[in-house]
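A quick write-up on the structure given underneath.
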Amino acid sequence: MLDIRLFRNEPDTVKSKIELRGDDPKVVDEILELDEQRRKLIIATEEMKARRNKVSEEIALKKRNKENDDDVIAEMRTLGDDIKEKDSQLNEIDNKMTGILCRIPNLISDDVPQGESDEDNVEVKKWGTPREFSFEPKAHWDIVEELKMADFDRAAKVSGARFVYLTNEGAQLERALMNYMITKHTTQHGYTEMMVPQLVNADTMYGTGQLPKFEEDLFKVEKEGLYTIPTAEVPLTNFYRNEIIQPGVLPEKFTGQSACFRSEAGSAGRDTRGLIRLHQFDKVEMVRFEQPEDSWNALEEMTTNAEAILEELGLPYRRVILCTGDIGFSASKTYDLEVWLPSYNDYKEISSCSNCMDFQARRANIRFKRDKAAKPELAHTLNGSGLAVGRTFAAIVENYQNEDGTVTIPEALVPFMGGKTQISKPVK
């Protein structure tokens, strides 16, 4: 959520930033109008409360002097009713303002390129060279079924479209990837490992920005009023919700693996085959809590942490800056990492790393103190995929496939695969 002071002090800046996302800047005028009404109500209410205190003194004086106090008692009752009415009006305006503010996205960093869609994202780095095959490469969805690594048909029977059973060495590869990623982030990148709740309440979803605007993208357990998480970013970031982080704790770096659940509303017809766009998938997440002056360097470091996984696995990728029309709701700046997939003859997103600045912290009330005597300040929060496991799985299978139908295991994964160096079709 944005600071109301930005609307008061820099309305034109806020309007231009909102317009860059393709949203209606008139919302700024709505907020300012409500804010003015609110301030007038507060002044009127304070004046009434001051008068009520004065009347209370007059009543006491009249009682001491045994004078008739009917008139001041009547005024006291009227003031009480009027104050109650003003408080009700103030509460209504507060709710209206919050309802509007919570749907306004974060302000975009000045260095984010302008554009309308992912076609306008800007490449800033490329690593590795896509492999030139001496045979016709297969798509990962064909390879995994031939090698008995996955079963999409039975998953559809059990759960519907966009689900998968990972079987045999497919399940082993998924588990190996998660273990490898978590191990690298904790032992080399300085993150603390967390196992997170995968059902969370509405306040938690609100804190990271999924609610109220994106409820259609979520799965909800109606009876309990809980939501399945779309990413471990949600419970990891909310770890410090409604807390003041004590001096010396920041920077705080968490990583965790979880299943992620997404309805994929609006993605009908896109990536309908394979592991690229499922309703349930595994992902290793990185979340950081930083002091404001450190968050931009932290974004670069976090993105490098994700890139290190791809480089050690030998997977060609590129880094792009998301443009103003493609960046997420809570982010001020986002880098996407896109891995090369031969079946698409293109790069596909495998990680998003974002600096949300104080946007999520204001919603979730996450503050920190620089020292014991300091006033609490809003922390900056960052999140990044490190990586999407299913997409990494698909990239390995496609980029490391062999003409005889086998798949070579990247060297970095061999210890996590029990020493296995190749995946072949099971004998039985």
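In case you wondered, yes, glycine gets a Cβ from its N, Cα and C as well.
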Candidate sharing the L-serine site with T231, A232, E233, S385 (per Swiss-Prot), from E174, E285, E290, E293: E285
Rounded to the nearest Å - Cα separation of R262 (ATP binding site) and T231 (L-serine binding site): 9
Three-state secondary structure, which DSSP defines for S263 (ATP binding site): coil
Spatial neighbour of E233 (L-serine binding site) that is closest, considering only the binding-site residues S263, E264, E349, I350, S351 and their CA atoms: S351
Nearest recorded site to S263 (ATP binding site) by CA-CA distance, among binding-site residues A232, E285, S385: A232
Number of other Cβ atoms within 10 Å of the Cβ of T231 (L-serine binding site) across all protein chains: 21
Cα-Cα distance maximum in Å, computed over every pair in T231, A232, E233, E285, S385 that the record assigns to L-serine: 9
